[in-house]
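Okay, so here's the structure we're looking at.
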Amino acid sequence: MVLSQRQRDELNRAIADYLRSNGYEEAYSTFKKEAELDMNEELDKKYAGLLEKKWTSVIRLQKKVMELESKLNEAKEEITLGGPVAQKRDPKEWIPRPPERYALSGHRSPVTRVIFHPVFSVMVTSSEDATIKVWDYEAGDFERTLKGHTDSVQDISFDQTGKLLASCSADMTIKLWDFQGFECIRTMHGHDHNVSSVAIMPNGDHIVSASRDKTIKMWEVATGYCVKTFTGHREWVRMVRPNQDGSLIASCSNDQTVRVWVATSKECKAELREHEHVVECIAWAPDTAHPTILEATSSESKKNGKSGPFLLSGSRDKTIKMWDISTGMCLMTLVGHDNWVRGVLVHPGGRFIVSCADDKTLRIWDYKNKRCMKTLCAHEHFVTSLDMHQTAPYVVTGSVDQTVKVWECR
């Protein structure tokens, strides 16, 4: 591109102003002479700082162009996948779309967990600020704060009715809350270190918890007594999750393993060992996903004749793995995140996996084709947790940036 005489003159004056104002006197004199510039103080005022302004605006434009190119590529990809001409898309294929519907502020420290209520249009979040907050996700309104823990609240879990909420904390306790009266009805002591994870069993009679003390404990809801302790992990147990019928309990740990336990006998049914770093998160695949999983992994699954249940794990090695618990085999490894994977779940429709990570993204995976089909830049800092509503078209994410975001799916 050739500059006109006027543009050339303006550029030369802007360069001269930059050299002079930054103290490059010798270069300024030489340049002024070479460019045959007649510097006029009044005239040159309008060129003050012009070069820096142009430079920053070029960078800004480049960034915008890159963003637009990325969106264009996403759109092309979706068209290739038969994507979202999707006002008519089947709810089983709803996926979160940017931008977020709400970005909710209120926590004063990183958000550690986000979960939807199983019945009402509310969600609950926990934070390192030692509080639990309740929000209306449809209206984007804050409703109330539950206080009681004296240190970071690490995890929260509803029972299937949504009447009880369990929470656990770095204060080494587990609390049970009446979610109708928003009161703490029981505090359980027994772990010797930070309690990192909690889950109410599907029957609602027991709670399981995992701790940095390397143990998993089972507690009776009615009495608050510890009735079982599961030992075997060699390091901090990061997360614990029961399967759909409560017969199995999965756990993951800093020892880089995932273990599956028989709930009644405490027997370790499987020890899954292929991750190369701390395993941060786990999630059971719902029954609705089994046909797609079997189709996607037919060769691996059919070798043994029996298959399932299936478990997902996410690790600091940046990968997500899918396991067949009947055989202990890793069926697939999904690679794409650029940092620690912090949350993972199977889409309620059974066809996709949704994950979040310290690379600040939310990703949707078409696991049948073992590829990431959509990446959302979700937060300005690490994304610590996500949840997807079982029936309504919403995903929620929480972050170290102290915000909670609600994403609409379509």
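Each Cβ is built from the backbone N, Cα and C atoms, and glycine gets one as well.
If you check Swiss-Prot, you get these features:
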- 7-39: domain 'LisH' (DOMAIN)
- 56-82: coiled coil (COILED)
- 106-147: repeat 'WD 1' (REPEAT)
- 148-187: repeat 'WD 2' (REPEAT)
- 190-229: repeat 'WD 3' (REPEAT)
- 232-271: repeat 'WD 4' (REPEAT)
- 274-333: repeat 'WD 5' (REPEAT)
- 336-375: repeat 'WD 6' (REPEAT)
- 378-410: repeat 'WD 7' (REPEAT)
Ask   = Apart from its near flanks, which chain residues at least 6 from the ends of the repeat 'WD 1' (106-147) lie with a Cβ under 8 angstroms of it?
value = 153-158, 160-162, 165, 167, 169, 171, 177, 179, 182, 184, 381-382, 384-390, 392, 394, 396-404, 406
Key: Positions on the same chain near the domain 'LisH' (7-39), where near means CB under 8 A and six or more residues out   = 47-52, 54
Request  = Could you give the residue numbers and ranges of same-chain residues that sit at least 6 residues beyond the repeat 'WD 4' (232-271) on either side and whose C-beta is under 8 angstroms from one of its C-beta atoms?
outcome  = 155, 193-194, 196-199, 201-203, 208-212, 214-216, 218, 277-284, 286-287, 309, 311, 313, 315, 323, 325, 328
Ask   = Of the residues in the repeat 'WD 7' (378-410), how many are helix, strand and coil by DSSP?
value = 0 helix, 19 strand, 14 coil
Remark   = For the repeat 'WD 5' (274-333), the DSSP helix/strand/coil residue counts are 15 helix, 23 strand, 22 coil
Ask   = When the pLDDT values for the repeat 'WD 3' (190-229) are averaged, what is the result?
value = 98
